[in-house]
């Protein structure tokens, strides 16, 4: 095999004088340790070392090294810090090949003879983990790695970027981060032309195009593109959560998840959106938030073409088509399509309600539920539709409303072909075919398909009308009744017929009106078979033409 000589300068890292000035004395010492560690890794590989004849005296060699640095400095304002720091003789070369190793105990003695690093190098060539974190009992082979790990406990972050103020625990991460400010992305994907700052990012990205997921979980069969993702996933099955937050006692499967969580207690939100000023504790949260301003929704459902900002939202949405519910409650066996829905449900069994409303005393399991509830008292509706200006208490209500403007109805009933804009409306409709009425009124025994219908019905017995119109003081049993009534005062008629442009203040009235154009008469008399467009027409017909029979 042909030899390919590799000089010491080939494994060194060059810095400009300006970059070197960024580092303080501690950082420079650490850099020396890192470079020394990198070099020992080369030594530990199957490389052979040869030395040129020692033609130069030590004094002359030092002169030439200094002259080399001065010439390099003049030429391109950079210098080889590796050689500058270690003062290693330039006569040593590394050659690839199958020659036998030199007959010495460890060739590293020739390199490390001027340093106290030989014991460290020998220890690194074994798998021994001599350095242990006493707090978490975690072992490390290198003292440098232990030092970096301990900074997680102490909170010391020594490497700060002068451009953006971001700080790093590990020096390599600091150097890696500085490339962000250059906007240089030299590694381009041939499949989609997407560019990356780091070669490792390109390699990870290219697996997406191949669709390959070589790492499979033996317990559930789920496959992953990366081994680290499989390792994280397997902790779900064993229920292992070894990392505990000392502030609140919450446990985590991964150490980094605990570190991210701890920012909640410290109130640290270093990542700020330049568009709206909103701050976030995690960089990934800021990245996802930015998509709101850009309107980017890269994850699209192939069945209904609905798009999402995040991939996990697409996965959860696809379960509405497949009916899959992988998250099951151990207490009652109820299953859910979303993990977050299961967590919310579990609080029913614990009966834990930590958040009390000061206005009415009602308690809630989550702070977000309390915030939403308080808007009933304040009347706040912060979410506005840009199409028609209508405002809503909850963002989810706004999303549901916006479908009206798109005319998109992706959820179709397989039995009758009727389509709906929301999956909840489809499920409600399907109960008509099933004939299910599981909700029974204890007062009169009447049954209903929906719990909301039962609650509305019960107000007949109680006489409760909690929703009052501020304009005329008229009271209603439901908030939807109040909303419809308000349109009398405002004159709003949001439901418009596409055939004749006639508008209505209620959707059911639009539906009734559209039968004029379609000729559909869905209301059929069971006595004589005569059909009608509207329910009230059928009622009138039955009273006048079949009144006697109905009374009998």
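The backbone N, Cα and C atoms fix where each Cβ goes, and this holds for glycine too.
The feature domain 'KRAB' is assigned by Swiss-Prot to 6-78. Residues or ranges marked as zinc finger in Swiss-Prot (evidence: sequence analysis): 159-181, 187-209, 215-237, 243-265, 271-293, 299-321, 327-349, 355-377, 383-405, 439-461, 467-489, 523-545 (among others).
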Best-packed against the zinc finger (187-209), counting Cβ pairs under 8 Å over 159-181, 327-349, 355-377, 523-545, is stretch 159-181
Per the Cβ under 8 Å criterion, with at least 6 residues separating them from its ends, the zinc finger (327-349) contacts 316, 319-320, 365-366
For the zinc finger (159-181), the averaged pLDDT of the predicted model is 77
Under 8 Å Cβ-Cβ from the zinc finger (467-489), and at least six residues away from its ends along the same chain, one finds 456, 459-460, 505-506
Helix, strand and coil residue totals from DSSP for the zinc finger (215-237) stand at 11 helix, 4 strand, 8 coil
